[in-house]
Amino acid sequence: MNPTAIFDYLQGLQTRIVEAIELVDGKRFLHDSWQRAEGGGGTSCMLEEGNVFERAGIGFSHVIGNKLPPSASVAHPEAAGRSWQAMGVSLVFHPRNPYVPTVHMNVRFFVAEKPGEEPIWWFGGGMDLTPYYGFEEDAVHFHRTCRDAVAPFGEQYYPRFKKECDDYFYLKHRKEARGIGGIFFDDFNELGFEQSFAFQRSVGDAFINAYLPIVQRRKDIPYSERERDFQAYRRGRYVEFNLIYDRGTIFGLQSNGRTESILLSMPPIVKWRYDWKPEAGSPEARLYSDFITGRDWLTEHK
């Protein structure tokens, strides 16, 4: 096990993604390095009021603690209470144009240790897409890129982690999906350290190709106040999910994490409406009927 190699990879991944987004947007990220009193620190990179992105945050963190909160692992309750290290890169990009989808990506590593015992470690991560106005071409491209990232490790991983993603990014109180999914994995160590780390790298390295071609296709589509209004309404679902269900948010708050970094995923403008329903047959209604339904995009588009 080599946490230093993971640390170096994650820092490099953050830098590569920041540079790629700056090329598309034309505006620079603010870099905010921070330290955590209990141990560790990180760098939060934030782009606000950009040309393409209204708010884009990508954070690297490496935090250390003496007692692991239970929220850190559903599958490894025996790790609770051990000393621990957690490191990861997490991003959420909220575009200005409603025809460009919001995206989330995260890759992370946990290790929990106790003197005289074997360390308990695992990787987690994934990426998922949240369109406001859906395009089948974009959904297929995103899912195909996710599949290709994990295929070298076994054909079973894409369908397994697509289902994990669909199940995880689901708002139970709304009975609806947050978006069109992607892949999601957690508590992952079944390939041994080196191959599990390679799996994580493959997912992280796939992000730019999964998302930026979609941004380039959609960022110049004309839109009106109607589309912006629906975008703000749907962003409300993003806020609800992150504050109620998201394990990273809950873990960060339980472990006395840095609030500004934990909440960098929040959209800048959000609206709620009482019992609103889209007009039948409208492009807004099509999002619900045709896109956020857990479709098997790659079986449909072989």
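Cβ from N, Cα, C; glycine included.
In Swiss-Prot, the annotation region 'Important for dimerization' applies to 238-273, one of the ranges 166-201, 238-273. Applying DSSP to the region 'Important for dimerization' (238-273) sorts its residues as follows: 22 helix, 0 strand, 14 coil. A straight line from the CA of R108 (substrate binding site) to the CA of H143 (divalent metal cation binding site) spans 21 Å.
Across the structure, V107 (substrate binding site) and H143 (divalent metal cation binding site) are spaced 17 Å apart at their Cα atoms. Fewest Cβ neighbours within 10 Å among the binding-site residues R108, H173: that distinction goes to H173.
In the three-state DSSP classification, R108 (substrate binding site) falls within a strand. Taking the mean position of the Cβ atoms of S90, N106, V107, R108 as the substrate site, the remaining same-chain residues with a Cβ inside 8 Å of that point are G88, V89, M105, G124, G125, G248. For S90 (substrate binding site), the Cβ neighbour count at a 10 Å cut-off comes to 24, with all displayed protein chains included.
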